[in-house]
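Copied over from Swiss-Prot:
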BINDING   L128, G132, H133, L134  (6S)-5,6,7,8-tetrahydrofolate binding site
SITE      H236  site 'Plays an important role in substrate specificity'
MOD_RES   K237  N6-(pyridoxal phosphate)lysine
Amino acid sequence: MNASHQDTGFFTEALSERDPELFGAITSELGRQRDEIELIASENIVSAAVMQAQGSVMTNKYAEGYPGRRYYGGCQYVDIAENLAIERAKQLFGCGFANVQPNSGSQANQGVFQALIKPGDTILGMSLDAGGHLTHGAAPNQSGKWFNAVQYGVRQQDNLLDYDQVEALAKEHRPKLIIAGGSAIPRQIDFARMREIADMVGAYLHVDMAHFAGLVAAGEHPSPFPHAHVATTTTHKTLRGPRGGMILTNDEDIAKKVNSAIFPGIQGGPLMHVIAAKAVAFGEALRPEFKTYIQQVIANAQALSDQLIKGGLDTVTHGTDTHVVLVDLRPKGVKGNATEKALGRAHITCNKNGVPFDPEKPTVTSGIRLGSPAGTTRGFAETEFRQIADWIIEVVDGLAANGEDANEAVEDKVKAQVAALCAKFPIYPNL
(Lines of atoms letter the chains of each structure in order from A and count residues from 1; the text may use other names and numbers.)
(Lines give C-alpha, C1' and ligand atoms only; values in the text may rest on other atoms or scores of the structure.)
Protein backbone atom coordinates (compact mmCIF):
# COMPACT_ATOMS: atom_id res chain seq x y z
CA MET A 1 0.00 0.00 0.00
CA ASN A 2 1.37 3.42 -0.87
CA ALA A 3 1.16 6.54 1.25
CA SER A 4 -1.30 8.34 -1.03
CA HIS A 5 -4.01 8.10 1.62
CA GLN A 6 -2.04 10.39 3.90
CA ASP A 7 -3.11 13.98 4.36
CA THR A 8 0.16 15.83 3.89
CA GLY A 9 -0.91 18.85 5.94
CA PHE A 10 -2.53 16.88 8.75
CA PHE A 11 0.24 17.46 11.31
CA THR A 12 1.48 20.82 10.08
CA GLU A 13 -1.28 22.93 8.59
CA ALA A 14 -2.47 25.86 10.72
CA LEU A 15 -6.15 26.22 11.55
CA SER A 16 -6.31 29.41 9.50
CA GLU A 17 -5.42 27.36 6.41
CA ARG A 18 -7.17 24.15 7.37
CA ASP A 19 -10.53 25.65 8.22
CA PRO A 20 -10.73 29.39 7.45
CA GLU A 21 -14.44 29.49 8.27
CA LEU A 22 -13.97 28.22 11.83
CA PHE A 23 -10.77 30.24 12.24
CA GLY A 24 -12.79 33.34 11.40
CA ALA A 25 -15.30 32.56 14.14
CA ILE A 26 -12.52 32.01 16.69
CA THR A 27 -10.78 35.21 15.64
CA SER A 28 -14.03 37.13 16.00
CA GLU A 29 -14.61 35.64 19.45
CA LEU A 30 -11.10 36.67 20.49
CA GLY A 31 -11.92 40.18 19.31
CA ARG A 32 -15.15 40.18 21.28
CA GLN A 33 -13.35 39.12 24.46
CA ARG A 34 -10.61 41.69 23.93
CA ASP A 35 -12.89 44.61 23.11
CA GLU A 36 -15.89 44.05 25.39
CA ILE A 37 -16.33 44.07 29.16
CA GLU A 38 -17.35 40.62 30.39
CA LEU A 39 -19.71 40.81 33.36
CA ILE A 40 -21.34 37.37 33.15
CA ALA A 41 -20.81 36.02 36.66
CA SER A 42 -20.18 32.45 35.51
CA GLU A 43 -17.45 33.42 33.04
CA ASN A 44 -13.77 34.17 33.44
CA ILE A 45 -10.61 34.43 31.34
CA VAL A 46 -8.15 31.56 31.61
CA SER A 47 -4.37 31.80 31.47
CA ALA A 48 -2.36 31.04 28.36
CA ALA A 49 -0.99 27.99 30.19
CA VAL A 50 -4.49 26.59 30.81
CA MET A 51 -5.32 27.00 27.12
CA GLN A 52 -2.04 25.37 26.13
CA ALA A 53 -2.78 22.33 28.30
CA GLN A 54 -6.32 22.04 26.98
CA GLY A 55 -5.07 22.21 23.41
CA SER A 56 -2.37 19.58 24.01
CA VAL A 57 -1.84 16.03 22.71
CA MET A 58 -3.66 14.73 25.78
CA THR A 59 -6.83 15.24 23.74
CA ASN A 60 -5.85 12.07 21.83
CA LYS A 61 -5.80 9.73 24.83
CA TYR A 62 -8.59 7.48 26.06
CA ALA A 63 -8.27 6.67 29.77
CA GLU A 64 -11.35 4.92 31.12
CA GLY A 65 -10.97 4.27 34.83
CA TYR A 66 -8.77 6.04 37.35
CA PRO A 67 -4.99 6.54 37.72
CA GLY A 68 -3.30 3.17 38.11
CA ARG A 69 -6.58 1.38 37.33
CA ARG A 70 -7.24 2.08 33.66
CA TYR A 71 -8.99 -0.04 31.06
CA TYR A 72 -6.56 1.12 28.37
CA GLY A 73 -2.79 0.90 28.02
CA GLY A 74 -0.48 3.83 27.54
CA CYS A 75 -1.95 5.91 30.36
CA GLN A 76 1.23 6.49 32.34
CA TYR A 77 1.47 10.18 31.41
CA VAL A 78 -2.20 11.08 31.62
CA ASP A 79 -2.08 9.44 35.06
CA ILE A 80 0.49 12.05 36.04
CA ALA A 81 -1.85 14.82 34.90
CA GLU A 82 -4.88 13.44 36.71
CA ASN A 83 -2.94 12.77 39.91
CA LEU A 84 -1.63 16.35 39.83
CA ALA A 85 -5.19 17.65 39.48
CA ILE A 86 -6.45 15.43 42.32
CA GLU A 87 -3.67 16.29 44.77
CA ARG A 88 -3.86 20.01 44.02
CA ALA A 89 -7.65 19.99 44.44
CA LYS A 90 -7.34 18.26 47.81
CA GLN A 91 -4.75 20.82 48.89
CA LEU A 92 -6.87 23.75 47.68
CA PHE A 93 -9.99 22.69 49.54
CA GLY A 94 -8.50 20.84 52.51
CA CYS A 95 -10.37 17.64 51.80
CA GLY A 96 -9.43 13.98 51.63
CA PHE A 97 -10.84 12.93 48.26
CA ALA A 98 -11.37 14.56 44.87
CA ASN A 99 -12.83 13.30 41.61
CA VAL A 100 -11.75 15.59 38.77
CA GLN A 101 -13.39 13.65 35.93
CA PRO A 102 -16.87 15.25 35.69
CA ASN A 103 -17.23 17.03 32.37
CA SER A 104 -19.35 19.81 33.90
CA GLY A 105 -20.88 21.03 37.12
CA SER A 106 -24.18 19.50 36.07
CA GLN A 107 -22.55 16.10 35.60
CA ALA A 108 -20.81 16.47 38.96
CA ASN A 109 -24.23 16.95 40.53
CA GLN A 110 -25.60 13.98 38.59
CA GLY A 111 -22.69 11.94 39.91
CA VAL A 112 -23.59 12.80 43.49
CA PHE A 113 -27.22 11.86 42.88
CA GLN A 114 -26.17 8.56 41.29
CA ALA A 115 -23.89 7.84 44.25
CA LEU A 116 -26.14 8.74 47.16
CA ILE A 117 -29.82 8.58 46.18
CA LYS A 118 -32.12 6.72 43.82
CA PRO A 119 -34.98 7.79 41.51
CA GLY A 120 -38.07 8.70 43.48
CA ASP A 121 -36.15 9.85 46.56
CA THR A 122 -36.87 13.31 47.94
CA ILE A 123 -34.32 16.09 47.50
CA LEU A 124 -34.48 19.62 48.91
CA GLY A 125 -32.85 22.42 46.94
CA MET A 126 -33.18 26.15 46.33
CA SER A 127 -35.80 27.09 43.77
CA LEU A 128 -34.61 28.49 40.47
CA ASP A 129 -36.52 31.74 40.93
CA ALA A 130 -34.86 32.32 44.32
CA GLY A 131 -31.35 31.90 42.90
CA GLY A 132 -30.93 28.12 42.72
CA HIS A 133 -29.69 26.06 39.79
CA LEU A 134 -31.53 23.88 37.29
CA THR A 135 -29.84 20.76 38.63
CA HIS A 136 -31.15 21.32 42.15
CA GLY A 137 -34.60 19.97 41.33
CA ALA A 138 -36.03 22.39 38.76
CA ALA A 139 -38.99 20.84 36.95
CA PRO A 140 -37.51 20.89 33.41
CA ASN A 141 -34.24 19.30 34.56
CA GLN A 142 -33.50 15.60 35.03
CA SER A 143 -33.18 16.27 38.77
CA GLY A 144 -36.77 17.49 38.82
CA LYS A 145 -38.03 14.55 36.79
CA TRP A 146 -36.22 11.66 38.48
CA PHE A 147 -36.59 12.80 42.08
CA ASN A 148 -39.31 14.18 44.30
CA ALA A 149 -37.91 17.70 44.31
CA VAL A 150 -38.95 20.06 47.10
CA GLN A 151 -37.80 23.68 46.81
CA TYR A 152 -36.89 26.29 49.41
CA GLY A 153 -36.43 30.00 48.83
CA VAL A 154 -35.52 33.33 50.37
CA ARG A 155 -37.29 35.65 52.79
CA GLN A 156 -39.46 38.29 51.15
CA GLN A 157 -38.37 41.07 53.50
CA ASP A 158 -34.62 40.87 52.77
CA ASN A 159 -34.11 38.20 50.06
CA LEU A 160 -31.80 36.24 52.35
CA LEU A 161 -31.91 32.45 52.47
CA ASP A 162 -34.85 31.32 54.59
CA TYR A 163 -33.27 28.77 56.95
CA ASP A 164 -36.48 28.44 58.94
CA GLN A 165 -38.27 27.40 55.75
CA VAL A 166 -35.49 24.93 54.94
CA GLU A 167 -35.90 23.37 58.38
CA ALA A 168 -39.69 23.24 58.14
CA LEU A 169 -39.62 21.66 54.67
CA ALA A 170 -36.96 19.17 55.75
CA LYS A 171 -39.03 18.06 58.72
CA GLU A 172 -42.16 17.81 56.58
CA HIS A 173 -40.69 15.98 53.57
CA ARG A 174 -37.73 14.07 55.10
CA PRO A 175 -35.38 14.46 52.10
CA LYS A 176 -32.51 12.06 51.50
CA LEU A 177 -30.36 14.93 50.19
CA ILE A 178 -30.31 18.67 50.91
CA ILE A 179 -28.52 20.92 48.41
CA ALA A 180 -26.96 24.23 49.46
CA GLY A 181 -25.80 26.59 46.75
CA GLY A 182 -27.09 28.24 43.60
CA SER A 183 -26.35 30.35 40.56
CA ALA A 184 -27.52 33.79 41.69
CA ILE A 185 -26.80 34.05 45.41
CA PRO A 186 -24.85 37.17 46.40
CA ARG A 187 -24.49 36.27 50.08
CA GLN A 188 -22.61 33.56 51.99
CA ILE A 189 -24.48 30.44 53.08
CA ASP A 190 -24.48 29.22 56.68
CA PHE A 191 -23.21 25.69 56.06
CA ALA A 192 -23.26 24.81 59.77
CA ARG A 193 -26.98 25.61 59.94
CA MET A 194 -27.66 23.60 56.78
CA ARG A 195 -25.79 20.59 58.23
CA GLU A 196 -27.72 20.93 61.47
CA ILE A 197 -30.96 20.74 59.48
CA ALA A 198 -29.68 17.79 57.44
CA ASP A 199 -28.77 15.92 60.62
CA MET A 200 -32.27 16.50 62.02
CA VAL A 201 -33.76 14.38 59.23
CA GLY A 202 -30.84 12.06 58.45
CA ALA A 203 -30.12 13.68 55.08
CA TYR A 204 -26.87 14.12 53.22
CA LEU A 205 -25.73 17.74 52.87
CA HIS A 206 -24.51 18.46 49.35
CA VAL A 207 -22.90 21.87 48.82
CA ASP A 208 -22.80 23.07 45.22
CA MET A 209 -20.10 25.74 45.30
CA ALA A 210 -19.76 26.11 41.53
CA HIS A 211 -19.91 29.89 41.74
CA PHE A 212 -17.83 30.57 44.84
CA ALA A 213 -15.27 27.74 44.81
CA GLY A 214 -12.46 30.15 43.94
CA LEU A 215 -13.37 32.25 46.96
CA VAL A 216 -13.26 29.15 49.17
CA ALA A 217 -9.92 28.08 47.70
CA ALA A 218 -8.46 31.50 48.49
CA GLY A 219 -9.76 31.47 52.06
CA GLU A 220 -12.08 34.41 51.38
CA HIS A 221 -15.34 32.48 51.84
CA PRO A 222 -16.33 29.87 54.44
CA SER A 223 -15.50 26.33 53.36
CA PRO A 224 -18.27 23.76 53.00
CA PHE A 225 -16.04 21.39 54.97
CA PRO A 226 -16.38 19.97 57.58
CA HIS A 227 -20.13 20.53 57.32
CA ALA A 228 -20.84 19.07 53.88
CA HIS A 229 -20.94 15.33 53.27
CA VAL A 230 -20.01 16.12 49.68
CA ALA A 231 -19.32 19.23 47.59
CA THR A 232 -19.44 19.83 43.87
CA THR A 233 -18.08 22.64 41.76
CA THR A 234 -17.31 23.75 38.28
CA THR A 235 -13.66 24.39 37.51
CA HIS A 236 -14.17 27.60 35.56
CA LYS A 237 -15.98 30.61 37.06
CA THR A 238 -14.01 31.88 40.08
CA LEU A 239 -11.52 28.98 39.94
CA ARG A 240 -10.40 30.39 36.59
CA GLY A 241 -9.82 27.01 34.96
CA PRO A 242 -11.21 25.14 31.96
CA ARG A 243 -14.90 24.39 31.68
CA GLY A 244 -15.49 21.25 33.73
CA GLY A 245 -16.63 19.83 37.06
CA MET A 246 -15.30 18.23 40.24
CA ILE A 247 -16.58 16.37 43.32
CA LEU A 248 -14.98 16.66 46.77
CA THR A 249 -15.52 14.84 50.06
CA ASN A 250 -13.84 13.83 53.30
CA ASP A 251 -15.78 10.57 53.53
CA GLU A 252 -13.98 7.57 52.05
CA ASP A 253 -17.19 5.58 51.61
CA ILE A 254 -18.83 8.46 49.74
CA ALA A 255 -15.67 8.90 47.65
CA LYS A 256 -15.84 5.26 46.53
CA LYS A 257 -19.50 5.63 45.62
CA VAL A 258 -18.79 8.86 43.74
CA ASN A 259 -15.96 7.28 41.76
CA SER A 260 -18.23 4.42 40.70
CA ALA A 261 -21.03 6.85 39.89
CA ILE A 262 -18.86 8.93 37.56
CA PHE A 263 -17.20 5.91 35.91
CA PRO A 264 -18.79 3.67 34.85
CA GLY A 265 -22.03 5.22 36.13
CA ILE A 266 -22.59 8.30 33.98
CA GLN A 267 -19.38 8.84 31.99
CA GLY A 268 -16.96 6.79 29.96
CA GLY A 269 -13.52 8.04 29.00
CA PRO A 270 -12.59 11.28 30.79
CA LEU A 271 -11.43 14.33 28.86
CA MET A 272 -7.73 14.12 29.68
CA HIS A 273 -6.82 17.39 27.96
CA VAL A 274 -9.38 19.17 30.17
CA ILE A 275 -8.12 17.38 33.29
CA ALA A 276 -4.59 18.52 32.39
CA ALA A 277 -5.89 22.09 32.16
CA LYS A 278 -7.65 21.65 35.52
CA ALA A 279 -4.30 20.66 37.04
CA VAL A 280 -2.73 23.86 35.68
CA ALA A 281 -5.54 26.03 37.03
CA PHE A 282 -5.43 24.38 40.46
CA GLY A 283 -1.68 24.98 40.55
CA GLU A 284 -2.28 28.63 39.74
CA ALA A 285 -4.92 28.85 42.49
CA LEU A 286 -2.37 27.57 45.03
CA ARG A 287 -0.15 30.59 44.37
CA PRO A 288 -0.25 33.58 46.76
CA GLU A 289 -1.31 35.92 43.95
CA PHE A 290 -4.57 33.99 43.53
CA LYS A 291 -5.65 35.04 47.03
CA THR A 292 -4.93 38.64 46.10
CA TYR A 293 -6.92 38.18 42.91
CA ILE A 294 -9.95 36.82 44.78
CA GLN A 295 -9.78 39.63 47.34
CA GLN A 296 -9.95 42.05 44.41
CA VAL A 297 -12.83 40.09 42.84
CA ILE A 298 -14.89 40.63 46.00
CA ALA A 299 -13.87 44.28 46.40
CA ASN A 300 -14.76 44.95 42.77
CA ALA A 301 -18.18 43.34 43.09
CA GLN A 302 -18.89 45.41 46.18
CA ALA A 303 -17.76 48.60 44.44
CA LEU A 304 -19.97 47.76 41.46
CA SER A 305 -22.98 47.13 43.69
CA ASP A 306 -22.48 50.29 45.75
CA GLN A 307 -22.15 52.48 42.65
CA LEU A 308 -25.23 50.98 40.99
CA ILE A 309 -27.26 51.70 44.13
CA LYS A 310 -25.98 55.30 44.13
CA GLY A 311 -27.17 55.54 40.53
CA GLY A 312 -30.72 54.61 41.44
CA LEU A 313 -30.79 50.87 40.85
CA ASP A 314 -31.20 48.26 43.54
CA THR A 315 -29.21 45.09 44.10
CA VAL A 316 -30.72 42.00 45.67
CA THR A 317 -29.79 41.95 49.40
CA HIS A 318 -28.44 45.50 48.85
CA GLY A 319 -24.90 44.27 48.32
CA THR A 320 -22.75 41.18 47.96
CA ASP A 321 -20.30 38.99 49.86
CA THR A 322 -19.12 37.29 46.69
CA HIS A 323 -18.45 38.00 43.02
CA VAL A 324 -22.17 38.12 42.14
CA VAL A 325 -24.26 41.28 41.87
CA LEU A 326 -27.93 40.63 41.15
CA VAL A 327 -29.45 43.89 39.91
CA ASP A 328 -33.13 44.74 40.32
CA LEU A 329 -34.07 47.00 37.40
CA ARG A 330 -37.58 47.84 38.58
CA PRO A 331 -36.61 51.24 40.06
CA LYS A 332 -35.78 52.33 36.49
CA GLY A 333 -38.82 50.71 34.88
CA VAL A 334 -36.92 48.53 32.39
CA LYS A 335 -36.78 44.78 31.81
CA GLY A 336 -33.87 42.37 32.00
CA ASN A 337 -34.07 41.14 28.40
CA ALA A 338 -34.06 44.66 26.95
CA THR A 339 -31.26 45.75 29.29
CA GLU A 340 -29.09 42.76 28.38
CA LYS A 341 -29.42 43.65 24.69
CA ALA A 342 -28.82 47.37 25.24
CA LEU A 343 -25.69 46.74 27.30
CA GLY A 344 -24.55 44.21 24.71
CA ARG A 345 -24.77 46.87 22.02
CA ALA A 346 -22.60 49.04 24.28
CA HIS A 347 -20.11 46.13 24.55
CA ILE A 348 -20.92 45.30 28.17
CA THR A 349 -21.87 41.63 28.35
CA CYS A 350 -24.24 40.34 31.03
CA ASN A 351 -27.31 38.14 31.29
CA LYS A 352 -30.94 38.82 32.09
CA ASN A 353 -31.88 37.18 35.36
CA GLY A 354 -34.93 36.85 37.52
CA VAL A 355 -34.92 38.44 40.95
CA PRO A 356 -36.65 36.85 43.95
CA PHE A 357 -40.45 37.02 43.64
CA ASP A 358 -40.06 38.31 40.09
CA PRO A 359 -43.42 39.01 38.40
CA GLU A 360 -41.87 38.72 34.93
CA LYS A 361 -41.42 35.58 32.85
CA PRO A 362 -37.92 33.97 32.81
CA THR A 363 -37.54 35.11 29.21
CA VAL A 364 -38.16 38.73 30.25
CA THR A 365 -37.08 39.15 33.92
CA SER A 366 -36.84 42.19 36.16
CA GLY A 367 -33.11 41.89 36.66
CA ILE A 368 -29.65 41.29 35.30
CA ARG A 369 -26.86 39.26 36.86
CA LEU A 370 -23.38 40.77 36.95
CA GLY A 371 -20.05 39.37 38.10
CA SER A 372 -16.53 40.64 38.64
CA PRO A 373 -14.21 37.64 37.91
CA ALA A 374 -13.39 38.27 34.23
CA GLY A 375 -12.92 42.01 34.60
CA THR A 376 -10.68 41.47 37.61
CA THR A 377 -8.58 39.00 35.63
CA ARG A 378 -8.03 41.76 33.05
CA GLY A 379 -6.71 44.00 35.82
CA PHE A 380 -9.74 46.13 36.63
CA ALA A 381 -9.93 47.41 40.21
CA GLU A 382 -12.56 49.38 42.13
CA THR A 383 -12.08 52.55 40.08
CA GLU A 384 -12.81 50.72 36.84
CA PHE A 385 -15.81 48.89 38.28
CA ARG A 386 -17.32 52.11 39.57
CA GLN A 387 -16.88 53.54 36.08
CA ILE A 388 -18.53 50.45 34.59
CA ALA A 389 -21.45 50.92 36.99
CA ASP A 390 -21.84 54.51 35.79
CA TRP A 391 -21.92 53.29 32.18
CA ILE A 392 -24.57 50.71 33.06
CA ILE A 393 -26.67 53.44 34.69
CA GLU A 394 -26.20 55.64 31.62
CA VAL A 395 -27.40 52.91 29.26
CA VAL A 396 -30.31 51.94 31.51
CA ASP A 397 -31.41 55.56 31.93
CA GLY A 398 -31.23 55.99 28.17
CA LEU A 399 -33.24 52.83 27.65
CA ALA A 400 -35.89 54.06 30.08
CA ALA A 401 -36.10 57.48 28.42
CA ASN A 402 -35.67 56.56 24.76
CA GLY A 403 -36.86 52.97 24.41
CA GLU A 404 -35.03 50.11 22.73
CA ASP A 405 -35.13 51.59 19.23
CA ALA A 406 -33.95 55.12 20.03
CA ASN A 407 -31.07 54.59 22.46
CA GLU A 408 -28.33 54.23 19.86
CA ALA A 409 -26.52 57.48 20.66
CA VAL A 410 -26.17 56.59 24.33
CA GLU A 411 -25.07 53.03 23.56
CA ASP A 412 -22.52 54.18 20.97
CA LYS A 413 -21.05 56.73 23.37
CA VAL A 414 -20.60 54.10 26.07
CA LYS A 415 -19.23 51.59 23.54
CA ALA A 416 -16.44 54.02 22.61
CA GLN A 417 -15.55 54.49 26.28
CA VAL A 418 -15.58 50.72 26.82
CA ALA A 419 -13.17 50.30 23.90
CA ALA A 420 -10.78 52.83 25.41
CA LEU A 421 -10.84 51.08 28.79
CA CYS A 422 -10.33 47.62 27.31
CA ALA A 423 -7.36 48.89 25.29
CA LYS A 424 -5.66 49.83 28.57
CA PHE A 425 -6.10 46.28 29.89
CA PRO A 426 -5.29 43.96 26.97
CA ILE A 427 -5.65 40.17 27.05
CA TYR A 428 -3.80 37.45 25.09
CA PRO A 429 -1.24 39.72 23.37
CA ASN A 430 0.42 36.73 21.69
CA LEU A 431 -2.70 35.37 19.98
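Glycine is treated like the rest: Cβ placed from N, Cα and C.
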- Note on the structure: One residue among the binding-site residues L128, L134 has the fewest other C-beta atoms within 10 A of its C-beta, namely L134
- (6S)-5,6,7,8-tetrahydrofolate site, defined by L128, G132, H133, L134: further same-chain residues with Cβ within 8 Å of the Cβ centre: G125, M126, S127, G131, T135, H136, G137, A138, N141, G182, S183
- Cα of L134 ((6S)-5,6,7,8-tetrahydrofolate binding site) to Cα of K237 (N6-(pyridoxal phosphate)lysine), in Å and rounded, measures 17
- Mapped DSSP class for L134 ((6S)-5,6,7,8-tetrahydrofolate binding site), helix or strand or coil: helix
- Task: Would you identify the secondary structure of the residue listed as 'N6-(pyridoxal phosphate)lysine' according to DSSP, in three states?
- Result: helix
- Item | Pairwise CA distance, H133 ((6S)-5,6,7,8-tetrahydrofolate binding site) versus H236 (site 'Plays an important role in substrate specificity'), rounded so that it is a whole Å | 16
- CB contacts for H133 ((6S)-5,6,7,8-tetrahydrofolate binding site) [other CB atoms within 10 A, all chains]: 24
